[in-house]
């Protein structure tokens, strides 16, 4: 259902600080950063960030009522404060699904709500379909199912029709003879033995996404694309997952396994003009999962921080809160 843009938009919750932070060794290579905020005795919720490779930020805590929720954020392998930074070894979707379970057990949480947008929605679906008995509710935004047509739309020229100005620097970094597959061409450069080539490729890859993530271009977001450290993890990890088709067994895997989570109360929030993760994927998910509440925000693009999307995400976590209170 489409929302009326004239409806009063509620802002997010006030910023809260973590009451607990830590590092969890999840393999012989990787250690992940995690934090907890809100109510230590509250209903647990885990926030799954996007990218893959983007890491979390303090603002991610603000989608949840801090008096009701025990809010768990963590940086996925190679991202944010997790170490080693931008590392691709032992870094797959199923490694991350296992990490979420390790973190849940480490924090003595029997079950929790799962919240994720963009790549976070992909991971939320993969995790929930693997461990449905551990999930009390699901909130998804900017649906990304990692299908071939979604990657082709964003990285092989579809979205370029809407953002030709942002596309040119991304395209022009790659010689013409390699432009038949930009994901593969960028992979060669992002895994180059020359760190300067890696950094330049990473900034171009990251900038393309940062310039297309909002309905109205957001300068703060675009600045993230100029940060060498952020860009390197974001681009290397994203590209690694996309070259490997998300490590999913089949193109429609996440749609084919909806039956495993059909019984879980869920919300799907989608910006009508999302160019990064176009609405076709949210629509396809809605069609196979009509039980999930489906909200289309008519005046928004991809970012969770757009006013209409943020309001719907807060509303979803509040509805789940009110159901849990009963």
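Backbone N, Cα and C define each Cβ position, glycine as well.
TrEMBL lists 118 with the feature active site, nucleophile. As annotated by TrEMBL, active site applies to 274. The annotation active site, proton donor is assigned in TrEMBL to 302. The domain 'AB hydrolase-1' annotation in TrEMBL covers 44-307.
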Students should find that the Cα atoms of residue 274 (active site) and the residue listed as 'active site, proton donor' sit apart, in Å rounded to an integer, by 4
Can you give me the Cα-Cα distance between residue 118 (active site, nucleophile) and residue 302 (active site, proton donor) in Å, rounded to a whole number? 8
By the count of other Cβ atoms within 10 Å, pick out the sparsest of the active-site residues 118, 274. 118
Give me the long-range Cβ neighbours of residue 302 (active site, proton donor): same chain, 6+ apart, Cβ under 8 Å, in sequence order. 118, 142, 212, 213, 214, 271, 274, 275, 276, 277
If you average per-residue pLDDT over the domain 'AB hydrolase-1' (44-307), what number do you get? 97
